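A single structure is presented below for examination.
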Amino acid sequence: MPDDAAQSTPPNRIPAPAEAPAPDPATTRDRLLAAAERLFLQRGVGQVSVRAINAEAGLNPGAVHYHFGSREGLVAALLGRELLPLWQDRLEAATLRPDAAATGPAQVRTLVTAVAGPFDELVRTERGRMLCRLLAQTMLAADRPLSGSPWAGTAPFEVVLGRALPELTVHEITDRWRLAFTALLETYGRPLATDAASGPVPSFPELSTVVAFLTAGLTAPRPDAG
């Protein structure tokens, strides 16, 4: 007879496979942002679909909408990550200057330089030109600031401008700054001939010319002053 103990010994069981760890949402978002940036550079800002971004990232067709809500949400996240720190740092530096409370054209010039300077630096590279184009397309088409940061809209800049030009009304300050910022977007965010990075590199005005032009417009006498 077979040994009872041997009969009662259960057979060796193959351990169940460990569950695969859930994908890190931050890593997935980064993959989507990197894929979108590659495609924007290769094909042009206006030639990239959500489907293409998901495929480039190697993710399912709903990934962009799941992590960003929409193509616009992904674009806002990309621009916020890459561009907003540039203006935040410059504006904070301008407002923390010892003479930040002073008024007049010199303070306006400081503000304009802080805002136009990053544009001038960005358009020197292919990637930077793509980001400027993306920013211009997004803000001009939607007529609204990027979400997610108090520095993304026009309000902080209008506050600084209002302090420098106390003789102007709030309405006049708002109108002048929006005209100035629209001019910057049109100047530095212009589309390439083919809307693709491989097209000819456009020429841009000297930063000093841009600063002088916008400063003159922002500090012009009030329409009813004469």
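For all residues, glycine too, the Cβ spot is worked out from N, Cα and C.
Quick paste from TrEMBL:
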- 49-68: DNA-binding region (DNA_BIND)
- 12-24: compositional bias 'Pro residues' (COMPBIAS)
- 26-86: domain 'HTH tetR-type' (DOMAIN)
- 1-26: region 'Disordered' (REGION)
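Mind mapping these onto the model and telling me what they sit next to?
Sequence-distant contacts of the DNA-binding region (49-68) (same chain, six or more residues past either end, CB-CB distance under 8 Å): 25, 28-29, 31-32, 34-36, 38-39, 43, 74, 77.
Note: the domain 'HTH tetR-type' (26-86) comprises 50 helix, 0 strand, 11 coil (DSSP; helix = H, G, I, strand = E, B).
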Looking only at the DNA-binding region (49-68), report the model's average pLDDT.
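Averaging the confidence scores along the DNA-binding region (49-68) gives 95.
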